[in-house]
Each structure stands twice: as structure tokens, then as C-alpha cells.
Amino acid sequence: MLKNILLVALGGACGSVARYLLSKLVQDNALSNFPFGTMTVNILGCLLIGMVYGLAENNISISPALKLLLTVGFCGGFTTFSTFMNESLSLLRADSAAMMALYVGGSVALGLLAVFAGLQIIKLI
């Protein structure tokens, strides 16, 4: 159990740092206040988790420890539902209902597409 906790903690720490750096890089280079940084990390997290589960679906061996580190740990730290919801509410409060709808709808649609793409990428390997 302690080993699993340490794997999740390590993956979560790495995922959180990666989220901060990538989100900041994307947002600092965005041409608007639209939350592209958070959207980017959430979609990439969906792609990664799709790839990890794609390995299992295609009978490609991945240790339970690595799966735990990558999914619960890294993806858990890398993606962020609470920030997604806060940014959605901020857009709504700023009278940007259309932007909020685009953000929420786009995130959900692209997230689903990214998980599917991750599964398909593994099938091609």
C-alpha cells in the first residue's frame, strides 16, 4: 500500500509541475484571455490516459505500478477539473456566456476525442 501511495504522490507531483509549466507557456502565448492553457493540459491528459488504457486493450503489458503512476498520479495531477469549473464560472460572470459554452463544450468534445485518439494511437503502434 505504501508503495502505491508513493507512486501516486510521485506521479501527481510530476503531473502538477508539468501542468503549471505547460499551462503557463500556452496561456502566456495566447492572444486572448480564453483559458487555452487549462484546456490544453486537460485534453493532453485525456490523450495520455487513452493511450495508457489502449495498451491494456491491445494486450501490451504495462505494470500495475506504472499504470497507477501514470493514470491516478500523473494524469490526476496534470488535469484539473476544479480550475476548469472556476474558469467556466469566471467567463459566465464576465458576461461571456458564449465563450463559456465554447470552453465547456469544446473541452468535453475535444477531451472525448483525445481519449479515443489515444486508444487508436496505441492500436497503430
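Each Cβ is built from the backbone N, Cα and C atoms, and glycine gets one as well.
Features of the protein shown, as given by TrEMBL:
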- Gly76, Thr79: Na(+) binding site (BINDING)
- 34-56: transmembrane segment (TRANSMEM)
- 68-85: transmembrane segment (TRANSMEM)
- 97-119: transmembrane segment (TRANSMEM)
Let me spell it out: take the transmembrane segment (97-119), skip the flanking residues so only those 6+ beyond its ends count, and list any with a Cβ under 8 Å from a Cβ in it.
34-35, 39, 42-44, 46-54, 57, 84, 87-89, 91
Which residues of the same chain, at least 6 positions away in sequence, have a Cβ lying under 8 Å from the Cβ of Gly76 (Na(+) binding site)?
Val8, Gly11, Gly12, Gly15
Hey, what's the Cβ neighbour count for Thr79 (Na(+) binding site) at 10 Å?
21
